[in-house]
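**Student:** Swiss-Prot feature annotations, pasted as is:
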type     : residues : note
COMPBIAS : 9-27     : compositional bias 'Basic and acidic residues'
COMPBIAS : 68-89    : compositional bias 'Low complexity'
COMPBIAS : 165-175  : compositional bias 'Low complexity'
COMPBIAS : 176-195  : compositional bias 'Basic and acidic residues'
COMPBIAS : 241-250  : compositional bias 'Polar residues'
REGION   : 1-33     : region 'Disordered'
REGION   : 65-122   : region 'Disordered'
REGION   : 148-197  : region 'Disordered'
REGION   : 240-264  : region 'Disordered'
ZN_FING  : 266-290  : zinc finger
Amino acid sequence: MSISIMTETRPESAEQQHHEVLQRPSDEPCSGCKQLQKDVAKTISMVMERMDKLQYRLDELLKENNELKSSSVSSGKASPSPAESRSSPKLVETVVAPVSGARKRKPKERSPPAAASPLPDFSNLMNGFMFDPLNMSNPNGMMQLLSMVQQQQQQQQHHQHIENQQSVSPPQSKSVKIEDPMDQDVKQEESERSDIPTATEAQNLLDALTAQFSSNGQATSTTSPPSSSSQVQAVIEAVATPSSQSQDSSMFEKTETSGDPNAARCSNCRTDKTTAWRRDAEGKLVCNPCGLYYRLHKVRRPIEMRKNHIQQRYRRKNKEKESSAATQIFNQLLTQMPTMATGGVSTDGAINTFNLLEQISQFTQAQELMNSSATF
């Protein structure tokens with residue numbers, strides 16, 4: 001009997017101990033909780049330090065702003081604070097165009113930005129100033145060029161006058177000093193006369209311009225006016241000469257692609273004229289229409305759709321307008337050429353020469369536009 005009682009009381013005591021362990025409250029936290037508490041306390045302390053630094057920085061900025069405001073008020077000029085200059089964006093005034101029923105067209109680019117200008121480089125001649133009427137966006141560029149030419153002429157005259165004074169012997173210095181003003185006036189008149197192109201030079205320049213205009217982009221004879229010692233005449237010669245490099249390159253490309261049996265041809269329609277070359281699924285060379293047709297329909301383009309010329313859209317009207325504008329400018333130049341060539345020598349000679357230079361630059365711009373429209 002005693003053995004049975006002992007065996008029955010053992011499981012009851014084990015269950016009571018297990019319940020006591022479960023119900024006993026945990027006095028000490030585990031190691032994970034301790035580490036978490038340490039991390040939280042560390043991050044809170046770091047955040048508080050950063051907040052203190054930010055507060056200190058804001059106080060310094062406010063002090064600087066107040067000092068700037070006080071100094072600007074005392075001097076009578078309002079200057080923006082550095083915080084406002086950093087935060088406030090710049091307001092750009094935009095002009096709102098009136099709403100109209102007309103269709104807005106994209107502005108046509110006259111010349112590509114990467115294309116090189118056919119005119120020569122005058123950087124060595126004009127103290128680093130590049131004179132290019134095709135790429136000149138500033139409308140006052142011509143006036144700047146003319147002012148630089150005038151300054152260089154005055155400097156040359158001054159140097160010549162100093163050299164003439166140094167070359168004179170000492171015994172004749174008194175007579176030279178007495179006659180200096182008259183000699184200076186005479187030398188200035190002679191230099192102005194030498195700078196102004198004569199009637200024969202103007203006629204030669206007119207012949208070169210007429211030959212260039214009649215050719216319309218073809219190769220012309222390189223006839224230039226006689227050489228002169230003045231820099232203005234050199235600029236006129238450089239501007240008046242046709243852009244032979246661009247014309248020769250375009251003619252060379254045309255002759256290469258015209259009758260060359262080894263030229264690139266489309267493997268589908270056998271054409272050699274296209275705006276861009278592409279590759280089909282097999283890697284063969286195809287023209288732009290055949291490549292786009294295959295990409296869209298996944299089928300080869302029928303040969304019946306072949307056109308041995310590049311389609312031109314809205315080109316004829318623009319070409320006629322540009323050619324008419326070029327003829328008007330050329331006629332105006334022809335009418336104004338005799339008056340500018342035979343103008344006043346003593347007072348208005350330099351002004352007439354500069355007007356001639358400006359007219360020549362306008363004519364070259366018009367002809368470049370006409371040549372660019374003809375290549376489309």
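Each Cβ is built from the backbone N, Cα and C atoms, and glycine gets one as well.
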**Student:** According to DSSP, how is the zinc finger (266-290) divided among helix, strand and coil residues?
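**Tutor:** Its residues divide into 3 helix, 6 strand, 16 coil.
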**Student:** On average, what pLDDT score does this prediction assign to the zinc finger (266-290)?
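**Tutor:** Averaged over the zinc finger (266-290), the predicted model reaches a pLDDT of 88.
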